[in-house]
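Presented below is the structure to which this report refers.
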């Protein structure tokens, strides 16, 4: 373990091709000693991509327009409204109708890129091509991508951000079945051929660890499957088998990724493009320094290596094979060959870090947690917190964890290109939720972004990690899964009481200043 204390469509497309064709390692960071007095994009490598991120289900709305079919999250929010704060994404923040307005917000932020996802059931309403293609849905993403390029904003497209078509859930259980591999590959291949001449940055899957564990092991997210013995959620799950299903889901997901990437690399329109997976690890510190053992390496295998090791080396980490045993599916030799080297870069979503607490095995109640032999805690055995957590914050702020993870990936996974595909600060404003003036004064979010950019800068300059892009989560407040609309992550405040009006927050103003092509007038030393 390593320890460390802008104007026409043609022009827009040319910009994309120029950046894709550039050297993998961004060039020329300004690596001075100590905390820079003035801090901006000029302190980072030339060609570094700066952006914001969203996901289709969380922002689009318009669930009954353009022949869009239902996803498993539509079903989950309607079937279990109490598990999503009695909210749903039928309207969300209406990005489907307001994307042109929202692209102007991106321009106001001075960003280079925008991460979006394609809603599978908006393209294939029933999950597969033979059951019908929505021409309206296909055209929507053409229009969105064209509008981005017209405004010199690079699209980074996620093929799957958790919205499995409900028809495939009903037919065979979605990712629980190996049948999903063929259907996902068909869908992904369609998007590559449809948009590949315009889009040169792709992600197959967003946060596979969260998708599998939270959906099929602890039941926190859709489809909400778990065993009755899971603390906190077992009483809510109507079906499931913890300790088994999540591993099968991820196995099918990884094979879906491998076959989709094979299709991508044989797609002529996609030539010059790059593709990866967006992982979502936390960093772990030992809760008790006197009893560390192998807990940190093991839990990082379970949270990151579970999906990164197969796409890098062709198989699961040995620690997972040892701990999970027969419950962990096996790859064939042909599948290992297809998986190995199946990403051009590593996407990483980073939010927080935790203390790793050693626990005993529990063979009678298997789960991801008991298999990893690690539970999580925000405090050490001596009562020290992992990081600061403002009263309304959703997660502890520990920016060093970002640097540690980047260095860990470099040292253990072949020094890949890395894109920070999400990094953001969530807050629950409570009784002030609808107070626009209060909600836009998000100084804690500004501080969070500043600290994490400095940590990323250290990883690039001091650890020589090949980071080439950074995306804030999120452009604007949106539907945050089981938290509904209570958790706000945006650089823009959404006024849910007043026609979903967008208001730039303090963090958005700072980010726009940071991204100007010249050094800002503000001094970072004074702000921190």
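Placement of Cβ uses the backbone N, Cα and C atoms for every residue, glycine included.
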Quick check on the annotations: Swiss-Prot lists motif 'Prevents secretion from ER' for one of 521-524, 525-528. Which range is it? 525-528
Going by a 10 angstroms cut-off between Cβ atoms, which of the glycosylation sites 466, 499 has the sparsest surroundings? 499
Quick one, of the recorded positions 189, 206, which Cβ has the fewest other Cβ within 10 Å? 189
I need the nearest neighbour of residue 481 (beta-D-glucoside binding site) among the recorded positions 189, 207, 422, 466, 499, using C-alpha distances. 207
Give me the Cα-Cα distance between residue 351 (beta-D-glucoside binding site) and residue 207 (active site, proton donor), rounded to a whole Å. 12
To which of the active-site residues 207, 422 does the lowest count of other Cβ atoms within 10 Å belong? 207
